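As written in Swiss-Prot, here are the features:
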type: DOMAIN; residues: 2-159; note: domain 'Thioredoxin'
type: ACT_SITE; residues: Cys46; note: active site, cysteine sulfenic acid (-SOH) intermediate
type: BINDING; residues: Arg122; note: substrate binding site
Amino acid sequence: MVVIGEKFPEVEVTTTHGKLKLPEHYIESGKWFVLFSHPGDFTPVCTTEFVAFQKRYDQFRELNTELIGLSIDQVFSHIKWVEWIKEKLDVDIEFPIIADDRGELAVKLGMISPYKGNNTVRAVFVVDATGTIRAIIYYPQEVGRNMDEIVRLVKALQTADKGYATPANWPNNDFLNEKVIVPPANNMDARKKRLEACKSGELEGYDWWFCYTDLKE
């Protein structure tokens, strides 16, 4: 089982778009990717999730991020399900879906709960352009995911790469709104400079350890 900060395991997978090598395929194109598992094709909650992901696909692409689904099904099932979604719901699923028919990748990624049978839970892995796992979320099979939160998560992680932290519910925090947090000073000299920056207006803050600013693009 993998954890945040590790490299995504190197695997070759069969998808609805052909064979792909992960994470190599996305590293070579300099892209992040969100890998998400679903319990099974032709199921109601999973269908609503795929439609929701597709409707936000452009938002992910604007963040230089691709989507890739996964379940313990055969590729033929994925193809028929995607066709059904197009025919019945008029939504064209553009991103690939991994056919992990033996469940090998699902086991490696800890997507299967011994208390929930042989299907995957609703896992989400956010992987950056270096192939490093940046975030992992698990949802139970009976609870559909909030795709806007996953978009927000990717934005927040990319903001962290600029040297900032994000407050609760960012960018709609209760008192900081869309502002981002400057990491606390870690020595006395930095503490002094941080206080001076707040006093001069370069930063805003409540104390030397709680400073914030507008996100600079």
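Numbering starts at 1 and runs along the chain as displayed.
Cβ atoms are placed via backbone N, Cα and C, with glycine included.
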Report summary line: The number of other Cβ atoms within 10 Å of the Cβ of the residue listed as 'substrate binding site', counted over all protein chains shown, is 21
Report summary line: Taken over the domain 'Thioredoxin' (2-159), the predicted model's pLDDT averages 97
Query - Cys46 (active site, cysteine sulfenic acid (-SOH) intermediate), number of other Cβ atoms within 10 Å - result: 20
Query raised in the report: Whole-number Å distance between the CA of Arg122 (substrate binding site) and the CA of Cys46 (active site, cysteine sulfenic acid (-SOH) intermediate)?
Result: 9
